[in-house]
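A.B. asks: Quick one: the structure is below, questions incoming.
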């Protein structure tokens, strides 16, 4: 309490729901004179605890909830979470596959219609309510409180296999300190009489062999477990140890790591772009990339894949966005943050695409030169035995095969094919083309661990570039992992009040134990399974429910009032129509098309067959199909379960540990006893429901009593101040707080 005797007056307007456990357990360290009973001003969101001080009373504030050290640290955290491995190895593939530069048009349109509005929505609710995903959605609509739990489950599934990819990058990083690189050429096998190349490597390539045999030591099918791969097990342990150490102190530790993990990939990408542009053929790759194929834009599949990429690129539905924004100040301009991070993500994808296709253009030129040399030698051997000398243009000198250019070879092939039309196939000559090589562009692990590594073997100082590339992948992966883990830890800590350190260590140990599934010899197939089935449908459902919960259950008009109060200005009317109509409809269309695609495509995976040294598409066995379905069901199950528990009042205000007290916050005034007025009339007068501007939580005031823990108002030790509670029963008030 203030040391002087001035009147203290604070008006508090919002409805608040606090758990009984919270009401009885908070300690007040503000005034030592309050031994048995103390007056506490506490923010519902865990924002902070403050003594009852004079108006403006910042002197007594004591922040309980952590906060970002700076706005830059927060932006880097959101950028690190949204910019991940998908920007490097999925966006370039989709761009190449779906019309080159023309693909950027549907992507940008859907970024504006789906990405930015939903990103803004998640930032706003996290910043306003200052809770993780469980607390936020339980507050918005208790019957939809399962949305937060579903987000946590999906985050956990994604974290399980995403960290395995980081462990693969760590392995390649550790192997890059060699000259030449270990995947530079095929290994030789020596016996007593001869030396020969490993057949599996000879049939494929050095980088492919190293990936499947040396790194993964992969089995032929998902049914063949094959035991643990000890090298990858050690790398997985290292990856989870890094995540655990970075997250153990919350944003105080992970925020500092973000300065490196978020900025370093940009340094590497720019260095790679400059270096690759100096390589022969890089311009061919970029030209191929951005040559628009406008007719492809008319296909529905292109728009569906663009929408899916927008959706996952921003990390919507994971809870990481909400968790990070919950540590912001209440008046932070989250609209600016949403637009800024969204476009940083987009330009990062374009930058990564430039780098990837510049490097692939260089690789395509090398592969095309090899193809020309190989087939020119074959033409030389066929001269006079299937190919007449007069078919060879006069300016081409076949005595010096190394000087035959791609254009010369193309001329020879056209002449031979025209003359020997019927017998051309028997000659076994290939049509060598840079365009054909670039059309073989692959996505995902194939791009990073096979195509890119092969290109880097031809770089001058290849070990240096390999170290930089895989260190970049590790940093990109860790930035996304921090947001994913924060999407698990923050809601659980806010809900169950457990120690951050214990929960972080426990979560990482559990995830590493389950993650051993992914480092057995068949582990790569399980990574594919989780990637395809554990996130797509569940996250779409989660985000649709988030949108509907705000726009229709909570009320879009009410939400706009909250945004105006928080931001200091009314957001553009564009968002009103997006949140209420356009975005939910687009998300439902995307959900239906994704569901149809999954049902029409038999559950399958790409297996590496050792004997044939090729990839084959195999169907999952019956138990694998059950596993796939179980992943989807487990991820979305919390939504109907919590809805049912709420609907049938199995969880209500009388449930032990989950019960809540809802009350109206009133005013603290200096007591002046007037004739004919007893002490009871000087208690705080609550506001009527009609006076409440918004149900969003604000600063609440309640008493902590050391005795019975009752909720009835009582006078403070000085006999001058008290608190009155108006119990729940108002329409806008949440029923309970999970």
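Backbone N, Cα and C atoms are what each Cβ position is placed from, and that goes for glycine too.
Caution: TrEMBL annotation is automatic and unverified by curators.
Okay, so TrEMBL annotates it like this:
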type	residues	note
TRANSMEM	74-92	transmembrane segment
BINDING	80, 83, 87, 345, 476, 480	Na(+) binding site
TRANSMEM	104-125	transmembrane segment
TRANSMEM	146-173	transmembrane segment
TRANSMEM	228-248	transmembrane segment
TRANSMEM	257-278	transmembrane segment
TRANSMEM	306-327	transmembrane segment
TRANSMEM	339-360	transmembrane segment
TRANSMEM	464-489	transmembrane segment
TRANSMEM	501-519	transmembrane segment
TRANSMEM	539-556	transmembrane segment
TRANSMEM	577-600	transmembrane segment
TRANSMEM	620-643	transmembrane segment
REGION	675-717	region 'Disordered'
A.B. asks: Mind checking which residues reach the transmembrane segment (74-92)? Cβ under 8 Å, same chain, six or more beyond either end.
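C.D. replies: Here the qualifying positions are 68, 162, 165, 251, 254-255, 258-259, 261-263, 265, 289, 309, 312-315, 320-321, 324-325, 327-328, 337, 340-341, 344-345, 348-349, 352-353, 356-357, 441, 443-445, 447-448, 473, 476-480, 482-484, 486.
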A.B. asks: So for residue 87 (Na(+) binding site), how many other CB atoms are inside 10 Å of its CB?
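C.D. replies: Within a 10 Å radius of the Cβ of residue 87 (Na(+) binding site) lie 24 other Cβ atoms.
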A.B. asks: By a Cβ-Cβ criterion of under 8 Å, what residues six or more beyond either terminus of the transmembrane segment (464-489) are in contact with it?
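C.D. replies: Long-range Cβ neighbours of the transmembrane segment (464-489): 77-85, 87-88, 132-133, 151-152, 155-156, 158-159, 162-163, 165-166, 169-170, 172-173, 176-177, 181, 242-243, 246-247, 250-251, 254, 257-258, 260-262, 264-265, 268-269, 271-272, 275, 315, 318-324, 448, 452-453, 456, 500, 503-504, 507.
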A.B. asks: For the transmembrane segment (306-327), I need the partner stretch with the highest count of C-beta pairs below 8 angstroms, choosing only from 104-125, 228-248, 501-519.
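C.D. replies: Counting Cβ pairs under 8 Å, the winner is 104-125.
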A.B. asks: Can you tell me which parts of the same chain pack against the transmembrane segment (257-278), counting only residues 6+ beyond its ends and a CB-CB cutoff under 8 A?
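C.D. replies: That would be 73, 76-77, 79-80, 83, 246, 348, 351-352, 354-355, 358-359, 362, 459, 465, 468-469, 471-472, 475-476, 478-479, 482.
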A.B. asks: Compare 146-173, 228-248, 339-360, 539-556, 577-600 by their Cβ pairs under 8 Å to the transmembrane segment (501-519) and return the stretch that comes out on top.
C.D. replies: 228-248
A.B. asks: Among 345, 480, the binding-site residues in question, whose Cβ has the most other Cβ atoms within 10 Å in this structure?
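C.D. replies: Buried the deepest by this measure is 480.
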A.B. asks: Three or more CB pairs closer than 8 Å, sequence separation of 6 or more: does that hold for the transmembrane segment (146-173) against the transmembrane segment (577-600)?
C.D. replies: no
A.B. asks: Tell me the Cβ contacts of residue 80 (Na(+) binding site) under 8 Å, same chain only and six or more apart in sequence, or just say none.
C.D. replies: 258, 261, 262, 478, 479, 480, 482, 483
